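Annotated features in Swiss-Prot:
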- 300-312: compositional bias 'Low complexity' (COMPBIAS)
- CYS107-CYS188: disulfide bond (DISULFID)
- ASN11: N-linked glycosylation site (CARBOHYD)
- SER439: phosphoserine (MOD_RES)
- 1-39: topological domain 'Extracellular' (TOPO_DOM)
- 61-70: topological domain 'Cytoplasmic' (TOPO_DOM)
- 92-108: topological domain 'Extracellular' (TOPO_DOM)
- 130-156: topological domain 'Cytoplasmic' (TOPO_DOM)
- 178-196: topological domain 'Extracellular' (TOPO_DOM)
- 218-359: topological domain 'Cytoplasmic' (TOPO_DOM)
- 381-396: topological domain 'Extracellular' (TOPO_DOM)
- 418-445: topological domain 'Cytoplasmic' (TOPO_DOM)
- 40-60: transmembrane segment (TRANSMEM)
- 71-91: transmembrane segment (TRANSMEM)
- 109-129: transmembrane segment (TRANSMEM)
- 157-177: transmembrane segment (TRANSMEM)
- 197-217: transmembrane segment (TRANSMEM)
- 360-380: transmembrane segment (TRANSMEM)
- 397-417: transmembrane segment (TRANSMEM)
Amino acid sequence: MERAPPDGLMNASGTLAGEAAAAGGARGFSAAWTAVLAALMALLIVATVLGNALVMLAFVADSSLRTQNNFFLLNLAISDFLVGAFCIPLYVPYVLTGRWTFGRGLCKLWLVVDYLLCASSVFNIVLISYDRFLSVTRAVSYRAQQGDTRRAVRKMALVWVLAFLLYGPAILSWEYLSGGSSIPEGHCYAEFFYNWYFLITASTLEFFTPFLSVTFFNLSIYLNIQRRTRLRLDGGREAGPEPPPDAQPSPPPAPPSCWGCWPKGHGEAMPLHRYGVGEAGPGVEAGEAALGGGSGGGAAASPTSSSGSSSRGTERPRSLKRGSKPSASSASLEKRMKMVSQSITQRFRLSRDKKVAKSLAIIVSIFGLCWAPYTLLMIIRAACHGRCIPDYWYETSFWLLWANSAVNPVLYPLCHYSFRRAFTKLLCPQKLKVQPHGSLEQCWK
């Protein structure tokens, strides 16, 4: 997001003299430094373009990603991709030579697109945070709206409209309203660059309000998860069934890992809410064993039933055979099985929500780290008209801001199992076919 002429970085004196620009922008870099900076900028461009292109290709390759909340991640990837494909490449020769050589018309277009994309990235992060907030605090109504793709598209379009309205009209019309352009020949930056009142208003809408919003959403998610965890633990102590003294101890089903998948050794395991109460799914056997499964329903099992359990897992009571009437003990067992199923399902959902809060905290923290320096320096610089902030600090701050577009796609495979699996499908399709459960870890090593 280029907001200033780069002469302060190019010229040893740090002045914005029009004579230097007219002379071609004397560079303050040696040939070696120019090569190093060009290589770093090229690396940032490649990382931004390839990373976000991979996110977009994942939507084409994996139809399971096309949910409402993931459409917002796609919208963010489109913004970041265009930053790397259009905004940064046009700025590289400008920052290395100190002179804009692409004409006034392309300068206007570049500024509009640059401000638009960076603002849309911010608003997309707010939208993603709000969507996760609804998924945790209003889960029932949220799940009912998951199939409404048009609602998601409307929200995505609204993000782009608001992002354009924030800076676009000002960039296009400022020079006509003020009676002429104040930008020297060979430079390209917004006319309002030193207007403190406009910048403080725009910064409030572009950074301070969004940052407070995502902080509120994530704090609400965290508090909601904490409350639900506390209620689950209290409920387990009050109403949890006691296993019989002769029952064999069995570890509970492993919760999802931080990647959202089962650990090694549990490749076939699935949460119990995928099965009916009357079906024996993975994890039910462990629950039955912990609760003392068998016809005795709490009494010592006979040698026959004990050996049968050891060889075939926990069996259903004989009274549950087809055509027979369930006994009181079998009804009690079914009730306890249902309680175990509900407990494991709730534990799975809490683990999923904790993962959501963790991933959002990472995204928001990086967002604040990348945007706060630029926003604060922009306001201070405008207040003192560029005399109190060294130009290289300002230059560094918005390169840090651009780096956020390269970092965002890295967060998806780290925090979202669905994206990680889609990336594996694109990058390691053979491993995914041969080892569908264990290939994710191997592919990303």
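The first residue you see is number 1, and the count goes up from there.
Keep in mind that glycine also has a Cβ here, set from the backbone N, Cα and C atoms.
When each of the disulfide-bonded residues CYS107, CYS188 is scored by how many other Cβ atoms sit within 10 Å of its Cβ, CYS107 comes out lowest. Ranked by number of Cβ pairs under 8 Å to the transmembrane segment (157-177), the listed stretches 40-60, 109-129, 197-217, 360-380, 397-417 are led by 109-129.
Counting residues 6+ beyond its ends, the topological domain 'Cytoplasmic' (61-70) has Cβ neighbours under 8 Å at 128, 131-132, 135, 145-146, 148-149, 151-152, 418-419, 421-422, 425-426 in the same chain. Mean predicted confidence for the topological domain 'Extracellular' (178-196): the pLDDT average there is 89.
Taken residue by residue, the topological domain 'Extracellular' (92-108) breaks down under DSSP into 12 helix, 0 strand, 5 coil. When DSSP labels each residue, the topological domain 'Extracellular' (381-396) comes out as 9 helix, 0 strand, 7 coil, counted as helix, strand and coil in that order. Of the ranges 71-91, 109-129, 360-380, the one with the most Cβ pairs under 8 Å to the transmembrane segment (397-417) is 360-380.
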